[in-house]
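A.B. asks: Before anything else, here's the structure in question.
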Amino acid sequence: MALQLGLFLIWAGVSVFLQLDPVNGDQDEGVSTEPTQDGPAELPEDEECVFPFVYRNRKHFDCTVHGSLFPWCSLDADYVGRWKYCAQRDYAKCVFPFIYGGKKYETCTKIGSMWMSWCSLSPNYDKDRAWKYC
């Protein structure tokens, strides 16, 4: 029983840290975009995230954990292997004005939300459905 429990705990621990679909898994061989302790290889820290960006045919309006254990963003509108982990300053900002329900909003709103104010991450929420709490 103890041996089975020990094997399960080892398996569970490995599973938590195993990243099956790395962010840069579709890159050409010989091109290094692996992160180092200082951040992604050969990328200055001051480069800004580009929103929205397309990764694997999906449009992202904010930092994502798609294919990663930690939030990241692309440095290009179409992901081509240039990326960085998101710091607090990197997350997408509200876009004003934005359209919601055919109406223009200049500030965060509680309309459509039960408790908290929110804003759109694109000029047209009705089209993109991208939002965050304010």
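Positions of Cβ are set from backbone N, Cα and C atoms, glycine also.
Taken from Swiss-Prot, the feature signal peptide covers 1-25, and the record attributes it to experimental evidence. As annotated by Swiss-Prot, O-linked glycosylation site applies to Thr36, with the evidence given as experimental evidence. Under the heading domain 'Fibronectin type-II 1', Swiss-Prot lists 44-88, citing sequence analysis as support. Residues annotated as disulfide bond in Swiss-Prot, with experimental evidence given as evidence: Cys49-Cys73, Cys63-Cys86, Cys94-Cys119, Cys108-Cys134. Annotation source Swiss-Prot lists domain 'Fibronectin type-II 2' at 89-134, citing sequence analysis.
Tell me about the surroundings of these features in the structure.
C.D. replies: Sequence-distant neighbours of Cys73 (disulfide bond) (same chain, 6+ apart, CB under 8 A from its CB) are Cys49, Val50, Phe51, Phe53, His60, Asp62, Cys63, Thr64, Trp83, Lys84, Cys86, Asp90.
Here the domain 'Fibronectin type-II 2' (89-134) returns a mean pLDDT of 97 for the predicted model.
The 10 Å shell around the Cβ of Cys119 (disulfide bond) contains 21 further Cβ atoms across the protein chains shown.
Summarising the environment of Cys108 (disulfide bond), the number of other Cβ atoms within 10 Å of its Cβ, over all protein chains shown, is 17.
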A.B. asks: Could you state the CA-to-CA distance between Cys134 (disulfide bond) and Cys94 (disulfide bond) to the nearest Å?
C.D. replies: 8
